[in-house]
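TrEMBL annotations:
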- Cys82-Cys88: disulfide bond (DISULFID)
- Cys150-Cys160: disulfide bond (DISULFID)
- 1-18: signal peptide (SIGNAL)
Amino acid sequence: MAFTVLALAVVAVSGAAAAWTTTFTMHNLCPYTVWPLVTPNAGQPAIVTGGATIRLDPNGLASLAFPAAAGWSGRVVPRTGCTGAATCATGDAPPATVAQVSVNAAGGLAEYSVSLVDGFNVPATITPHAFDGSQTCPVLGCAADINAACPADARVGAGCRASPQFFKEMCPEARTTATDVEATPQRCIHPAELKVVFCPTN
């Protein structure tokens with residue numbers, strides 16, 4: 001069985017020369033296929049061609065790299081059970097896990113989080129790699145299989161839309177409300193890689 005990796009190269013430019021490069025990588029360790037939808041924030045360019053058709057096979061191996069403008073920010077929604085690019089069993093609408101990333105902002109700051117504000121469908125964490133040891137670059141997100149523990153009255157299809165308190169108890173390093181922050185602070189400057197891992201405990 002192949003292991004699928006999608007890598008997005010994010011290039012920061014200072015003057016006429018490249019100052020640093022951050023690679024944005026997605027790994028699918030789930031026992032099922034994930035169709036990640038990468039969406040830039042307003043005013044940001046798209047960094048992925050193929051959009052809704054990107055497919056990460058379970059435990060697969062492949063890689064693709066895309067350049068992006070300095071200061072790029074956007075979100076990744078893992079979708080499952082997709083029929084081509086048309087409709088998916090989870091991720092097209094809430095409940096859905098959302099990975100949020102901003103790279104190469106002022107001073108090279110990278111900010112990242114996993115949000116359960118819109119519910120949960122796939123475990124996901126974000127891990128920085130190759131950064132200055134003096135930086136605070138923790139692993140953040142939700143590695144727990146919340147679907148397995150989701151209260152019966154909070155189940156929505158193959159996802160979970162439980163209370164923020166329930167999500168926070170299960171995943172203290174994820175964001176569960178619009179004003180929530182992770183238990184561990186972050187201040188990550190110039191990481192060489194930000195890796196989004198689906199089903200990291202697998």
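Each residue, glycine too, has its Cβ placed from N, Cα and C.
Residue density at Cys88 (disulfide bond): 23 other Cβ atoms are found within 10 A of its Cβ, drawing on all protein chains shown. Every protein chain considered, the tally of other Cβ atoms within 10 Å of the Cβ of Cys160 (disulfide bond) stands at 25.
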